[in-house]
Structure formats: structure tokens, C-alpha cells
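Enquirer: TrEMBL lists these features:
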type	residues	note
BINDING	Gly119, Gln120, Thr121, Gly122, Ser123, Gly124, Lys125, Thr126	ATP binding site
DOMAIN	30-366	domain 'Kinesin motor'
Amino acid sequence: MVRKLYPPEIRGASVPIGEATEGTVENQSNIKVVVRVRPCLESSQDLIVSIPPAIPFPREVILEPKVGASQALRPRKATRFTFNRSFIEATQKDVFEYIGKELVDNVLKGFNSCVLAYGQTGSGKTYTMIGTDENPGLIPRVCNDVLNRVGQLEDTKYSMSLSFFEIYQENVYDLLHDNNQILKIREGRDHMPFVDRLTKHTVKSMEEVNDLLRLGVSNRTTASTRLNKQSSRSHSILTLDLEQERFEAAENMVVTTNSSIRLVDLAGSERIYETEDPASQRMKEGSHINKSLTTLGRVMKILVDNLGSHRKDPMLGVPYRESILTWLMKDNFGGNSKTTMVACVSPNDFEETLSTLRFAGLTSKIENNVKRNRKSHVDMDILIRRYQEEREELLSQLEKMSAAKIDQEKGAEGSERRLTKLENYIQWQDEYIDRVNFTNRVKLHHMQKSMAQQTEKNHELEWLALNLSSKASIEKLEDVCIEDDHGIQKLGALVKELHDLNILDPLYELERETMQGSAVKYAQSGSEDDNEIAF
């Protein structure tokens with residue numbers, strides 16, 4: 001039974017709170033943990049999962065078995081857990097408002113983000129992540145929000161790509177490709193793993209995302225088990241890669257940010273004695289699922305222990321490579337990612353629910369080292385000239401090869417292959433030059449604003465120069481500036497700016513020498529900044 005109720009001390013129950021609060025999250029760099037409780041099945045009457053009301057929102061979860069519960073292996077007291085947020089009878093929109101909005105904010109700022117759904121089989125993980133046509137889950141809502149918000153950004157050029165794969169029996173398969181080929185895991189120069197030959201589709205609208213999502217869900221491996229009529233037999237990982245390019249007026253340079261959102265729907269944990277026949281395919285699938293989830297738990301435990309021991313490298317000795325799942329999610333646990341776990345629980349099994357909540361409490365103690373993924377582009381004009389020169393040279397070579405190709409016999413595959421590479425490279429050059437021209441146009445727009453502001457300043461300087469037409473006026477202004485510690489530097493900078501703009505009359509040189517002599521006299525009197533006086 002699932003119901004909202006107050007803590008035992010409030011509602012007068014005699015059942016004590018057994019264990020201390022688990023999984024309290026304080027540090028913002030820690031992995032966030034959200035618990036979502038699905039409605040209880042009618043056949044289950046042995047367990048109560050309650051969420052006490054709180055302001056501004058509930059964070060606690062109380063788990064207690066009924067007296068004589070058949071599914072509790074041994075007598076237990078009520079157990080209280082505390083997380084970032086707890087949901088009971090929540091809608092898909094409620095979950096998205098709390099998790100998805102912040103997720104989109106992070107990726108637009110250039111941070112890697114991850115949301116994974118964890119829990120026992122049949123607890124609502126796939127419903128939370130994928131949802132239905134009537135009630136879409138986190139994945140379609142997040143994709144839609146990213147496309148809407150990035151399209152509203154001014155002076156920003158962006159590119160968004162989507163990939164979708166599953167881990168089935170410790171093998172990786174591309175869900176957006178129908179060849180059922182096992183993909184290999186490789187390690188890049190940054191020592192981070194990636195899936196080799198995984199297809200990435202550029203998406204520009206929600207219609208394209210929905211088509212790819214339907215294709216991936218239909219290709220995912222599911223089956224009917226004793227505990228779930230449509231059980232996910234694999235871990236699925238959908239990744240959105242977002243590249244943004246904009247001109248930062250404050251820094252006067254073009255900045256590129258590369259960020260990703262990883263949305264993970266884990267397969268549910270299972271008990272061996274509750275699966276099908278030991279020789280069946282479901283039994284083999286369940287053993288691989290439990291192996292990967294057990295390795296994930298070991299990784300979590302070691303990361304928490306390493307943080308407590310104050311090691312210089314907390315990731316040293318962590319067994320990421322023992323499972324494909326933990327190896328591919330290396331950056332999401334203890335790495336560069338803002339990670340959120342949705343712990344889905346179903347109050348149908350006391351031991352499984354208690355295990356899920358304890359696992360979620362352990363996860364909340366892990367700290368990630370999050371940084372913004374950005375790089376700056378300087379000297380864009382030089383880059384354009386270099387690529388244009390290289391493009392002209394490649395075009396001349398292409399003309400020569402095209403002329404030579406007419407005289408060659410059929411079957412000259414080497415020349416055709418080289419010709420194709422040159423054509424592809426030239427196409428890439430054209431796209432890059434277009435992108436750089438876009439950023440230059442944005443930069444020119446901001447420079448024109450700065451020039452307009454400078455023109456207003458010049459008018460003010462001209463008016464000031466007219467009032468500095470006599471030696472007496474200069475001496476009076478000099479006396480005012482000397483009263484300030486940095487006044488003489490301000491006066492010198494002002495005169496230099498007037499001189500650079502050709503506003504001062506040549507007859508003004510006498511007054512300028514007088515000011516310079518006064519400045520030197522002031523500097524010799526004990527100023528520490530005499531080397532900074534500029535005329």
C-alpha cells in the first residue's frame with residue numbers, strides 16, 4: 001500500500017524510526033538523488049512506503065513493513081531516508097519541472113549532465129524516462145526543451161546530434177541501426193571511453209527526435225518475465241551532444257561550448273529464484289544485468305571510501321573496466337558531469353525496495369569534478385585567410401586531377417578515392433568558413449555598438465578640450481586631480497587621449513609641458529606609481 005502519512009511521532013504510531021538518516025545531500029557537486037514511488041499493486045499488502053509532508057517540498061522516505069510481512073526476510077523496524085527530493089503520486093510534468101529544467105540549464109551553460117533511472121524491475125524506470133504518447137517522460141521533454149530554448153538564443157550558432165544504444169549481455173548495439181552488429185569500446189586521447197562506429201544523427205526539430213526515439217525503443221530488447229510483462233532486458237543510453245558558438249561581448253572573443261546530456265534507463269535488478277527456468281534465456285539475461293549493477297554498486301562504494309580517505313586521486317583503483325556499463329559511464333561517476341539519479345521504487349518487495357533506497361543513499365555521497373567545456377577562438381581573420389589559401393590550392397589540384405581523370409582508364413580506384421577525399425575536405429572547408437563568417441558578423445555587430453559609444457565619448461572630450469584653452473584652466477584642473485591619490489594618472493591619461501584624437505591645438509603644447517613638469521614634480525614627491533604616469 002502506498003499512502004501519504006505523517007511521521008510516527010506525529011500520527012501517534014508506536015513504530016520507532018530504526019536507522020539514522022541516509023543519503024543526505026549538502027554539496028552541490030554531489031550526485032543528486034530523487035526518489036519516485038509508483039502506486040502499489042493490489043496483490044501487495046506487506047509494505048508501506050510513505051513520504052512525510054515538508055516545506056518547500058518533501059525529501060524524506062519512510063519504509064516500514066507490516067507486522068508479519070511475508071516478504072521481509074527478518075523482522076525490521078521502520079527506516080527513514082533523506083534525499084534531494086521525494087515524489088509520490090507525481091505526474092510526468094512534476095518530475096520534469098524538478099529534474100529536466102535544471103538539466104537543460106546546465107547543458108546550455110556548457111556542462112555535461114546525466115540522468116539515470118535505477119530500481120527493481122517493474123518500478124517505473126522506463127515510464128519515467130520514455131513515458132507514453134499521452135504522458136511523455138524525461139527524454140522527449142528534455143529534447144523538446146533544449147530545441148526550444150537554444151533556438152531562442154540570439155547571436156548563437158548551434159548544432160545538436162543524437163545517438164542511442166543499448167548494453168545487452170555485456171555487448172553494445174546501436175539502436176538506430178538495424179544491422180545488429182556488436183560495437184567496440186575504445187579509449188580516446190583524453191583517456192575517456194567511447195563507442196566506435198556509433199551513428200549520430202543531427203536533429204533540428206522535435207519531429208526528427210520523435211522518429212529516432214520510436215526507432216530506438218522498437219529495437220530495444222524487451223521480454224515478458226514473471227515479475228514484469230514488458231521487462232527491459234538491457235541498459236539503454238541516449239546521448240544529446242550540443243555545440244554552441246557565440247560572441248562574448250564581455251571577453252571580446254568567440255566562445256565555443258561542447259556539452260552533452262546522457263539519459264540512461266537501466267535494466268531492473270532481479271532475484272534469481274523469481275526468474276524463469278534456470279536454463280532459459282531470461283535467466284542468462286538476468287545474470288548479466290545483475291553483474292553490471294553489482295559492479296556499479298562496487299564502483300559507488302569505492303568512490304565514497306576514497307573520498308573519505310582523502311586520497312590525492314579518488315578515482316585510483318576504481319574498477320570501471322569490469323563492466324561495459326561502468327566503463328562507459330566513467331565520466332558520470334566521479335568525473336566531469338552533473339549527475340542525477342532517479343531511484344524508482346515499487347512497494348511490492350521489502351528487500352528490493354530497501355536495497356534500492358540504500359543504493360541511492362550511497363550514490364548521493366559521490367562528488368563529481370564538474371567544469372564548463374568551453375574554448376575561445378582568437379585571430380579569426382587569420383584562420384579564414386589560411387583556410388581560403390588552402391582551399392584555392394586544393395581546388396587547383398582538384399581541377400588537375402579531374403582533367404587527368406578523363407584520360408584514365410576505368411578502374412582507377414586510387415585516384416577516385418583521393419578525388420573523393422579532396423572533395424569532402426573542400427566541402428568541410430566551405431562549411432567552416434561559413435561558420436567563421438557567421439561569428440565575425442556577430443563580432444562586427446558588437447564592435448559597431450562599441451564604436452557608437454566611443455563617438456559619444458569623443459564628443460565629451462571635444463567639449464572638455466574647449467574648456468582647457470588656457471594655462472589657468474589646466475592649473476586649476478591639476479590642483480583638483482592632485483587631491484586624489486590617483487588624480488595625476490587620470491589627468492595624464494586624459495591629456496594623452498585628447499592628443500591621440502588630434503583635438504588639442506598645437507598652441508596647447510606649452511600648457512602640456514607645464515602639466516608634465518607638475519606631474520614629474522608630484523611623482524618625485526613620493527608617489528609609488530610614478531612609472532605609470534602616461535602622457
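Glycine is no exception: its Cβ is also placed from the backbone N, Cα and C atoms.
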Enquirer: Using all protein chains shown, find which of the binding-site residues Gly119, Gly122, Gly124 scores highest when you count other CB atoms within 10 A of its CB.
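Expert: When each Cβ's neighbours within 10 Å are tallied, Gly119 tops the list.
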Enquirer: Applying a 10 Å Cβ distance cut-off over all chains shown, what neighbour count does Gln120 (ATP binding site) have?
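Expert: Here the count is 23.
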Enquirer: Around the C-beta of Lys125 (ATP binding site), how many further C-beta atoms are within 10 angstroms, looking at every protein chain?
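Expert: Neighbour count, Cβ to Cβ under the 10 Å cut-off: 26.
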Enquirer: Quick one: among the binding-site residues Thr121, Ser123, Thr126, which has the most Cβ atoms sitting within 10 Å of its own Cβ?
Expert: Ser123
Enquirer: Averaged over the domain 'Kinesin motor' (30-366), what pLDDT does the predicted model reach?
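Expert: Taking every residue in the domain 'Kinesin motor' (30-366) and averaging pLDDT yields 85.
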